[in-house]
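The disulfide bond annotation in Swiss-Prot covers Cys172-Cys196, Cys186-Cys247, Cys238-Cys251, Cys344-Cys461, Cys455-Cys465, Cys531-Cys542, and the record cites similarity to another entry as its basis. Per Swiss-Prot, region 'Important for interaction with fusion/F protein' is recorded for 124-152, and the stated evidence type is similarity to another entry. The region 'Involved in neuraminidase activity' feature in Swiss-Prot is assigned to 234-239; the stated evidence is similarity to another entry. Taken from Swiss-Prot, the feature topological domain 'Intravirion' applies to 1-26. Residues annotated as topological domain 'Virion surface' in Swiss-Prot: 49-571.
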Amino acid sequence: MDRTVNQVALENDEREAKNTWRLVFRIATLLLIVMTLAFSAAALAYSMEASTPGDLVGIPTAISRAEEKITSALGSNQDVVDRIYKQVALESPLALLNTESIIMNAITSLSYQINGAANNSGCGAPVHDPDYIGGIGKELIVDDASDVTSFYPSAFQEHLNFIPAPTTGSGCTRIPSFDMSATHYCYTHNVILSGCRDHSQSHQYLALGVLRTSATGRVFFSTLRSINLDDTQNRKSCSVSATPLGCDMLCSKVTETEEEDYNSVTPTSMVHGRLGFDGQYHEKDLDVTTLFGDWVANYPGVGGGSFIDSRVWFPIYGGLKPNSPSDTAQEGRYVIYKRYNDTCPDEQDYQIRMAKSSYKPRRFGGKRVQQAILSIKVSTSLGEDPVLTVPPNTVTLMGAEGRVLTVGTSHFLYQRGSSYFSPALLYPMTVNNKTATLHSPYTFNAFTRPGSVPCQASARCPNSCVTGVYTDPYPLVFHANHTLRGVFGTMLDDERARLNPVSAVFDNVSRSRITRVSSSSTKAAYTTSTCFKVVKTNKTYCLSIAEISNTLFGEFRIVPLLVEILKDDKV
């Protein structure tokens with residue numbers, strides 16, 4: 001037992017010895033660490049020359065200075081952020097617009113040089129002011145939420161009148177046609193010396209110009225090139241289009257009345273002309289015997305054409321030769337368009353019979369009056385590669401005056417309401433190579449035209465008529481998916497007579513508040529409208545070129561009516 005006790009005591013002594021050495025080691029280690037820290041602090045103090053407590057007084061000052069430097073640096077960073085925002089949000093878009101302006105200028109100049117090489121001209125190529133770049137031929141109002149009729153026209157604004165007026169009581173200026181591209185606009189009208197009903201001789205005024213902004217910020221149209229085609233040719237029903245080579249114009253050459261032309265057996269002569277950037281005009285007769293071999297009368301649609309895919313597209317209407325291939329292809333075809341919430345009470349069979357008869361009005365000897373579209377390649381050679389598209393009458397109503405428009409990436413054909421359907425029509429149009437396809441139209445029920453009974457403004461049933469007046473709508477309000485919501489236009493707000501011109505914004509059912517030209521008894525006739533935006537101010541304007549009665553100097557005066565499009569946020 002003693003051995004056991006001794007063994008336990010020995011183990012306890014060994015354990016105490018180990019604990020003692022551990023304690024000694026720990027104390028030595030701590031002393032070594034403290035000494036190391038002391039030497040390090042002394043070395044640091046010596047290196048910083050902060051050997052006295054008084055030297056520590058400068059630390060708060062140093063901290064304050066450091067704080068000021070940090071604040072200044074943060075301020076500089078904010079300046080950088082502000083400059084970046086300004087660059088991204090403001091300067092870069094403007095720079096892009098200026099770049100687009102330069103590009104468009106270069107393209108126009110190049111086009112002019114190509115044209116100038118053919119006519120030995122040395123004049124410069126025109127282009128709109130940079131304020132308008134990106135605001136012409138675009139979807140101007142893209143809005144899915146607002147009521148279309150919350151947009152409305154301002155009062156008419158005073159601006160430079162770029163349209164010549166008659167200078168005698170017997171003078172007549174009629175049938176305006178207008179088109180505007182990203183670089184320039186084109187305008188034309190007919191000039192008759194002895195009253196508006198004379199068909200034997202006339203002049204054709206043709207002008208090329210650009211949009212400018214005055215020093216006070218006002219919009220004005222500046223005519224740069226113009227010509228009055230005063231020769232032995234009697235050009236009628238002319239349509240104009242702004243193309244990269246100038247102002248292309250399509251006219252019929254007329255020597256007889258419209259009724260006589262429809263009763264003839266040969267197509268109407270047509271001419272493709274161009275006013276170049278140098279102010280020189282050239283034209284070429286089309287081979288109508290080949291192009292319009294199935295027609296007895298053929299006319300441009302009066303409204304502007306459109307430059308699409310290297311070709312210029314013009315609206316066409318006229319009479320088909322009975323039993324010709326084109327006439328036979330349309331036999332039995334018809335379409336009936338209905339008024340909004342106002343159904344025709346006639347029996348369906350009777351409606352169909354009247355709809356079919358509407359394409360062959362008695363006024364033109366029972367000839368089928370047909371809609372068509374003509375495309376011509378734009379090159380230094382006039383009248384090159386013309387191609388005629390005749391759409392089926394399962395889509396279009398009786399042929400009538402019209403206009404081809406391009407807004408954004410969408411193309412449209414306006415068709416005058418010469419037949420029974422009074423509301424304005426815009427057919428979506430797609431192009432494939434050299435031909436066009438028309439689709440079911442947008443209709444604007446409140447945008448009507450006056451007409452003779454039974455095809456007056458409120459008419460709702462198919463009938464055979466030749467009536468109405470040319471008043472085209474311009475696509476203004478779009479959905480985000482590019483479908484059309486609303487248009488701007490100047491209509492004649494009367495049931496039967498060509499009276500009371502008013503401007504408004506229209507959706508498919510109703511219209512906005514109106515801007516009236518004058519009293520409800522004011523006589524008027526054709527109107528053609530085009531809208532654009534001043535990108536610099538983000539203001540949208542619409543131009544309505546309207547034939548307004550003028551009792552002192554000629555029967556009509558063509559007036560360019562300018563409005564700004566405003567918005568009523570309460571609607």
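Note that Cβ sites are derived from N, Cα and C of the backbone, with glycine treated the same way.
Summary: among the disulfide-bonded residues (Cys186, Cys251, Cys461, Cys542), the fewest other C-beta atoms within 10 A of the C-beta are counted at Cys461. Using a Cβ-Cβ cut-off under 8 Å and counting only residues 6 or more beyond its ends in the same chain, the region 'Involved in neuraminidase activity' (234-239) has close neighbours at 175, 177, 188, 190, 199-202, 204, 249-255, 271, 299-305, 314-315, 401, 403.
Ranking the disulfide-bonded residues Cys196, Cys455, Cys531 by how many other Cβ atoms lie within 10 angstroms of each Cβ puts Cys196 at the bottom. Using a 10 Å radius centred on the Cβ of Cys247 (disulfide bond) and all shown protein chains, the other Cβ atoms total 28.
Checked against Cys531 (disulfide bond), the disulfide-bonded residues Cys247, Cys461, Cys465 differ in C-alpha distance, with Cys247 being the nearest. Between the CA atoms of Cys251 (disulfide bond) and Cys186 (disulfide bond) there is a gap of 15 Å, rounded to the nearest whole number. Computed over the topological domain 'Intravirion' (1-26), the whole-number mean pLDDT of the model equals 58. Ranked by Cα separation from Cys344 (disulfide bond), the disulfide-bonded residues Cys186, Cys196, Cys542 are led by Cys542.
With the fewest other C-beta atoms within 10 Å around its C-beta, Cys344 stands out among the disulfide-bonded residues Cys172, Cys238, Cys344, Cys465. Cys186 (disulfide bond) sits 32 Å from Cys465 (disulfide bond), counting Cα to Cα.
If you measure from the Cα atom of Cys455 (disulfide bond) to that of Cys238 (disulfide bond), you get 26 Å. Note on proximity: of the disulfide-bonded residues Cys172, Cys247, Cys461, Cys542, the one nearest Cys238 (disulfide bond) is Cys247, by Cα distance. Between the alpha carbons (Cα) of Cys247 (disulfide bond) and Cys542 (disulfide bond) lies a span of roughly 21 Å.
Of Cys172, Cys196, Cys461, Cys465, all annotated as disulfide-bonded residues, the residue with the shortest Cα distance to Cys542 (disulfide bond) is Cys172.
Broken down with DSSP, the region 'Involved in neuraminidase activity' (234-239) shows 0 helix, 5 strand, 1 coil.
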